[in-house]
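Enquirer: Here's the feature list from TrEMBL:
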- 28-251: domain 'RNase H type-2' (DOMAIN)
- D34, E35, D142: divalent metal cation binding site (BINDING)
Amino acid sequence: MDLSDFTKDNSENAILKSIVPQICKDEPCCLGIDEAGRGPVLGPMVYGVSFCPLSCKEKLEQLGFADSKTLSEEQRDELFSKIKDANDFLGFEVEILSPNYISKTMLRRTKYSLNAISMDSAIGLLRLAIEQGANIKEVYVDTVGDASKYQEKLQGLFPRLEITVTPKADAKFPIVSAASICAKVVRDQVLKSWIFFEGDDIVTRDYGSGYPSDPATKHWLADNMDKVFGYPQFVRFSWSTTSTLLENKAYHVHWDDEDEDESAKGTASLFSFFAPKNADPRDKQHSFFEERHLKRVESF
C-alpha cells in the first residue's frame, strides 16, 4: 500500500484504490461501505469500500472475513493480503480523511457534522467505483446516524441501485467486512508512518488507541500541548476533549479591537510589504467565499 502522497502532506485527504477487475465490469456487483477511526481524537478517519460480482459471494465468504474490530492486527493484515491477492474478482477503495480536514470542516463558520463528512466520503467512493467502470447493483452500508434517513438519501442519489443501510453491517455482510478491513489496515499503517511536521518536540508516540477515554491517549494529550499553539495536526481540534483541554490549560488570547487607531492613520499596513506591486487588495477574497467557491460576477 503506497502511502507516500499522504505521508508528504498529511494535512490533506487522499484516496487509494485497486484496479477494477474485468469481471467486476462485466457482471453485476455488490459493494460494501464501512469506516475506521470515527471516534478517536487522534489521527485520521478512513472510509473503505470493497466490491465483487454477485456470482462470487460464496467465494468471498470462503476468505473468512469478519468485522475488523473483532480481529487482531495480525489477522487484519493477513485478510488484507488476501483481498489484494484476490484482484481477479475483488476490488477496493479507501479515502483517508485527515484530522486537519475533519477539524476545519466541523469548525467552519457553517457547522458541518461528522455524520455529514462520513456520508460525503461514502457517496464519493461509491461514485468513484461506478466511474471506474464497476457494474454496481447492490450496496450495503454500515450506518452513521439514522439508518432509514441515510438509506433514503443514498437511494435518492442512486435510484437504480439496491441499497441496504443497517447497523452492524460489517458483521452481517462479508463485502462490508472486507471494506472494514481495508479501512482499518490503512488507518493502522497511516498511524505508524505519521510524520509530525511541527517539529521534534513530540514527547512520545505512545498515544494508545486515540480514543478520549484511553489513559495513554490522555497522557499523550497532556504531554504534547503547546500552551500558545495548541496541538499538532495529528489531533482533531473539533473534539470536545481537545477544546476542553485547551480552554483549561492553554494560554488565553485577547484579540484587540480591529477599529483603526487614530494615530495609525496614513501609515502603511505591515501586510502591504508582502503584497505584489500594484496588487488590488480587493482581489483577495475572504476565506468565507473561497471555502464555498463563490466568485464575483458583473453580469448574468
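Any Cβ shown, glycine's included, is placed from N, Cα and C.
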Enquirer: Mean pLDDT across the domain 'RNase H type-2' (28-251), rounded to an integer, is what?
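Expert: On average, pLDDT over the domain 'RNase H type-2' (28-251) sits at 93.
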Enquirer: Would you say which of the binding-site residues D34, E35, D142 has the most Cβ atoms within 10 Å of its own Cβ?
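Expert: For the binding-site residues D34, E35, D142, the Cβ with the most other Cβ atoms within 10 Å is D34.
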Enquirer: Other than D34, E35, D142 themselves, what residues in this chain have Cβ atoms within 8 Å of the centroid of the divalent metal cation site's Cβ atoms?
Expert: I33, A36, Y47, G48, V141, A169, D170, V176, A179, S180, A183
